[in-house]
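Student: Pulled these features from TrEMBL for this protein:
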| type | residues | note |
| --- | --- | --- |
| TRANSMEM | 20-45 | transmembrane segment |
| DOMAIN | 39-285 | domain 'G-protein coupled receptors family 1 profile' |
| TRANSMEM | 57-76 | transmembrane segment |
| TRANSMEM | 96-118 | transmembrane segment |
| TRANSMEM | 138-156 | transmembrane segment |
| TRANSMEM | 191-223 | transmembrane segment |
| TRANSMEM | 235-257 | transmembrane segment |
| TRANSMEM | 269-287 | transmembrane segment |
Amino acid sequence: MENGSSVKEFILLGLSENRGVQEICFVMFLFFYMIILAGNLLIVVTVISSQRLKSPMYFFLCYLSFVDICYSSVTAPKMIADFLVENKTISFVGCIVQLFAVHFFGCTEIFILTVMAYDRYVAICRPLHYTTLMTRRVCGQMVIGSWLGGFLHSLVQTLLTTLLPFCGPNKIDHYFCDVHPLLQLACTNTYTAGIIVVANSGMITLSCFFILVVSYVAILASLKSQTSEGQYKALSTCGSHITVVILFFGPCTFIYIRPSSSLSEDKSVAVFYTVITPMLNPLIYTLRNREVKSAMRKLWSRKVGSENGQ
């Protein structure tokens with residue numbers, strides 16, 4: 001990890017330097033993080049334990065929830081703890097590890113959301129070929145590809161940042177270590193690195209967004225020939241996914257496909273995709289999905305029944 005930097009640790013300025021605001025944020029974000037863990041863990045357990053939720057859609061949903069737990073856990077615990085302390089420091093190595101993990105899980109989530117859109121396209125537009133196209137093996141390969149894609153993207157972002165020299169100042173105007181804030185602290189010209197970072201993130205975000213748009217345009221086109229009942233059923237399965245895509249892709253696109261100009265603005269937007277979206281995902285998918293709600297009720301009734309039987 002040696003790169004000629006004299007900086008051994010960074011100071012995270014966090015969301016606010018106002019003590020009263022920090023105390024309010026501590027309670028609020030601790031509550032949010034508990035919901036993230038409980039909600040997403042409940043979906044993972046429900047999908048794994050239910051015999052009815054064995055379709056590719058729920059297979060991907062299980063991994064999406066797992067990634068959400070990992071993604072928020074990279075930033076939220078440190079942010080919550082920092083609300084209570086005066087000295088919000090993070091070591092250089094810890095900062096680089098956090099940077100890698102944020103981009104690894106964030107990019108993996110983008111790929112999984114894209115794969116879920118393709119799954120809905122095949123299910124609605126090519127229903128007769130669905131079981132042959134979306135086999136367990138193919139779904140597993142898509143998930144592995146999502147993890148591998150996230151790893152490669154994160155490796156590029158992290159290596160570019162790690163090779164830069166940091167001589168001071170060491171204050172990061174953010175609540176976690178990210179590429180743009182670190183580029184601004186480097187004591188060298190970061191124009192080329194900044195272009196590569198934006199190109200790397202932009203290529204992935206825009207190409208995945210293009211696939212998403214094409215998938216849903218094809219879905220909407222195919223729905224014209226279906227009955228109103230078929231249209232409602234198809235749209236109900238797609239509605240949750242579209243909502244999550246908008247909540248996640250919107251803020252990510254805003255931050256990562258443009259050169260950063262306002263870090264205070266960026267860190268406020270980052271709250272949406274690191275905390276708010278992982279918290280809302282379980283609610284969005286369970287409130288709009290009868291099968292998931294039914295499976296959760298059965299899981300709960302089995303748990304209560306086993307406890308009463310003891």
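Even glycines carry a Cβ here, placed using N, Cα and C.
How buried are the listed features, and what sits near them?
Tutor: Computed over the domain 'G-protein coupled receptors family 1 profile' (39-285), the whole-number mean pLDDT of the model equals 88.
Residues 1, 57, 60-61, 63-64, 67-68, 70-71, 74-75, 78, 90, 142-143, 145-147, 149-151, 153-155, 157-158, 161-162, 176-179, 182, 204-205, 208, 211-212, 215-216, 241, 244-245, 248-249, 252, 273-274 of the same chain lie 6+ residues outside the transmembrane segment (96-118) yet bring a C-beta within less than 8 angstroms of a C-beta in it.
Note on the transmembrane segment (191-223): residues 107, 110-111, 113-114, 117-118, 120-121, 124-125, 149, 153, 156-157, 160-161, 164, 179-180, 183, 230-231, 234-235, 238, 242, 245, 249, 252-253, 256-259 of its chain, located 6 or more positions outside it, place their CB under 8 angstroms from a CB of the stretch.
For the transmembrane segment (235-257), the residues of the chain that approach it from at least six positions outside its boundaries are 57, 106, 109-110, 113, 116-117, 120, 123-124, 180, 197-198, 201-202, 205-206, 208-209, 212, 216, 219, 223, 266, 269-270, 272-273, 276-277, 280-281, 284-285, 288-289, judged by C-beta separation under 8 angstroms.
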Student: Which residues of the chain, 6 or more past the ends of the transmembrane segment (269-287), have a CB below 8 A from one of its CBs?
Tutor: 15, 29, 32-33, 35-36, 39-40, 42-43, 61, 64-65, 68-69, 71-72, 74-76, 102, 106, 174-176, 178, 240, 243-244, 247-248, 250-252, 254-255, 293, 296
